[in-house]
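The structure appears right after this line, and notes come after that.
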Amino acid sequence: MTYVARKFGFFIATLWAVVTLNFLIPRLQPGDPAEIMVKRLAGKDAALDPAQVKAMRAMLGAPDGSLWNQYVTYLGELVHGNFGLSYTYYPYSVTEVIGQAFWWTVVLVVFTQVVSFVVGVVLGAYAAWRRNSRLDSVVTLGSTFLGTLQPFWIGLLLLYVFGYTVGWFPTSGGYEEATPGFNWPFIQEAVSHSFLPALALLIVTPIGWILGMRNTMIMNLGEDYIRLAKAKGLPDRHVALKYAARNALLPSVTGFALALGGVLGGAILVETVFDYPGLGRLMGEAVENKDYPLLQTLMLLTTAGVLVANLAADLLYGVLDPRARRAEG
Amino acid sequence: MTTETTPLPTPGEDFMAEGEPRQDLAVEQVSDATRPDQWWQVVWSSKKARVGIGIVAVYVVVAVFAPLIAPHDPLDSSFVPLAGPSSTNWLGTTTSGQDIASQLIYGARISLLVGLFAGLIATVIATVIGMISGYAEGTILDDLLSFVTNVALVIPALPLIITLVAYSEVRGIWLIVGVISITSWAGAARAKRAQIITLRNRDFVTAAKFSGEGTWRIVFREIMPNMTSLVAASFVGAATGAIAAEAGLAALGLGDSQSVSWGTMLYQSNAQGAIAQGLWLWVFVPGLVLAILMTAMTFINFGVDLLSNPHLREDA
């Protein structure tokens with residue numbers, strides 16, 4: 001129980017730290033943040049529009065109040081899910097804009113993450129089991145090089161080859177004419193539009209799992225219980241899967257959330273390249289248009305997503321490995 | 001290791017031995033190679049590291065002598081736009097008539113500068129926090145520093161970096177260096193904390209305590225020299241990550257507006273629709289030189305790993 005409480009405690013504390021960071025970032029600059037932002041938005045020499053400054057202040061909290069009062073107001077707004085209006089998509093609220101893009105990214109990232117995990121763990125385990133074989137050398141040396149490629153660059157190349165030169169896949173957007181919703185034409189269009197972005201991520205993202213799994217598996221293969229299993233005359237397959245791989249999987253579970261952060265980072269750029277209608281492209285647009293309410297909410301949302309995944313991975317790890325509960329609890 | 005090149009490993013010898021598990025970093029490792037000239041020998045004994053050092057050396061030469069090597073000013077837009085490769089413009093020109101080859105050559109400067117300085121700063125932060133936290137293990141100070149480290153580790157870096165950079169009016173290279181450094185030290189700090197915990201109860205530390213040395217002196221003068229290889233490995237890792245982060249930021253249009261980097265080249269080419277117009281060289285080359293540099297640095301780290309883990313050393 002202590003283990004679970006500890007992990008929940010860390011989750012809450014981290015979430016608080018991120019929320020506070022999000023509050024402090026716009027206030028790090030000297031001067032009245034609302035005026036500065038409006039000025040930046042309208043151009044240096046333009047006159048300040050009082051209405052805009054007021055709207056900005058509404059987002060940033062009471063301008064005259066102390067930092068503490070602003071902080072309390074800010075927390076109150078967060079609790080009520082009030083993130084302000086987006087400049088880019090005025091007069092829509094940030095929540096509405098994000099709601100449109102949310103599932104595009106969730107589907108893309110979750111699909112990529114799950115496929116990477118499965119492919120990476122299977123390849124890594126197989127490479128370790130057939131250590132020094134030709135397949136092992138291809139997998140490990142190939143991973144070292146592929147791991148340094150940038151997903152957005154791969155995306156640009158895929159776009160050039162499969163989008164423009166061969167023309168197998170659409171070059172931008174998320175769908176064409178179909179009405180978004182749960183209907184076959186839309187799903188077809190969405191899948192063909194998501195194919196290249198997913199591929200761009202999938203060339204890089206399994207690498208961490210492959211190398212990690214291979215290393216742990218090789219360490220585990222040297223353990224006594226493996227020798228015992230072999231001495232008992234268990235078939236190779238059984239030793240590899242039920243003994244070595246099963247234990248080697250454990251550290252991969254804790255790496256899940258950290259890897260998710262990486263996939264999200266890659267997705268921001270890949271979505272921009274493919275003009276994919278998800279949160280990443282939205283973040284790119286928010287940067288370009290200096291849409292601070294949107295940008296900050298996106299930062300908060302992606303971070304919170306990773307924190308939740310981290311909590312889930314920690315809790316799962318506690319269930320899978322009793323030693324973790326005992327050691328920390 | 002022999003000098004002849006063997007493309008595929010011979011059976012029985014683990015060709016990936018250099019990249020072997022690093023889990024045991026924290027377990028046992030007061031390296032036997034303690035003097036700088038011996039480190040160099042150990043790192044140089046790895047064929048991968050030799051290749052990596054050679055490639056990085058070429059990049060450094062290109063960056064330092066960029067004005068002599070580059071045929072044109074990277075921002076000079078007086079050429080015919082959209083030209084293909086020619087003797088004047090080796091890799092063709094951009095949509096605004098800039099020379100792609102010259103941009104590529106000058107771009108090496110940004111990547112190496114960001115890698116060097118962001119790598120150094122992140123390593124210093126990681127070392128100070130990790131060492132203090134590990135030496136103070138079990139105290140409130142350690143709890144606090146460990147918490148900060150874990151928070152920094154779990155927050156996804158790129159969205160945070162983007163948000164921080166998006167707020168600043170002037171996006172100079174030092175702002176980018178600073179933002180990347182303060183968001184990328186956590187993993188290395190955790191590794192150093194784990195290692196100092198294994199070192200702090202050694203006899204030489206106890207002896208230093210009894211001889212009345214101060215805590216700072218014990219941590220940074222007595223213990224730290226034993227961790228130099230870990231510090232070096234984390235520097236190379238941090239520098240590699242910083243180069244990637246700069247490229248990503250610049251590719252989103254958040255690069256230093258005063259200079260040309262490979263990331264800004266990718267941003268420009270994407271924004272100008274290079275792909276749709278068939279200008280694939282403009283896109284292909286910056287990403288390729290970036291990937292080669294990062295692979296070379298990964299190779300160097302295989303060599304540096306040998307320092308901290310004698311078990312990995314190939315029989316020389």
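Cβ coordinates come from backbone N, Cα and C, glycine included.
Per TrEMBL, the features are as follows:
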type	residues	note
DOMAIN	A:102-313	domain 'ABC transmembrane type-1'
TRANSMEM	A:7-25	transmembrane segment
TRANSMEM	A:101-126	transmembrane segment
TRANSMEM	A:138-162	transmembrane segment
TRANSMEM	A:190-211	transmembrane segment
TRANSMEM	A:248-274	transmembrane segment
TRANSMEM	A:294-317	transmembrane segment
Segment-segment contact (the transmembrane segment (A:294-317); the transmembrane segment (A:7-25)) at 3 or more Cβ pairs under 8 Å: yes
The transmembrane segment (A:190-211) versus listed stretches A:7-25, A:101-126, A:138-162, A:248-274: most Cβ pairs under 8 Å: A:101-126
Stretch contact, the transmembrane segment (A:248-274) with the transmembrane segment (A:101-126), Cβ-Cβ under 8 Å, 3+ pairs: yes
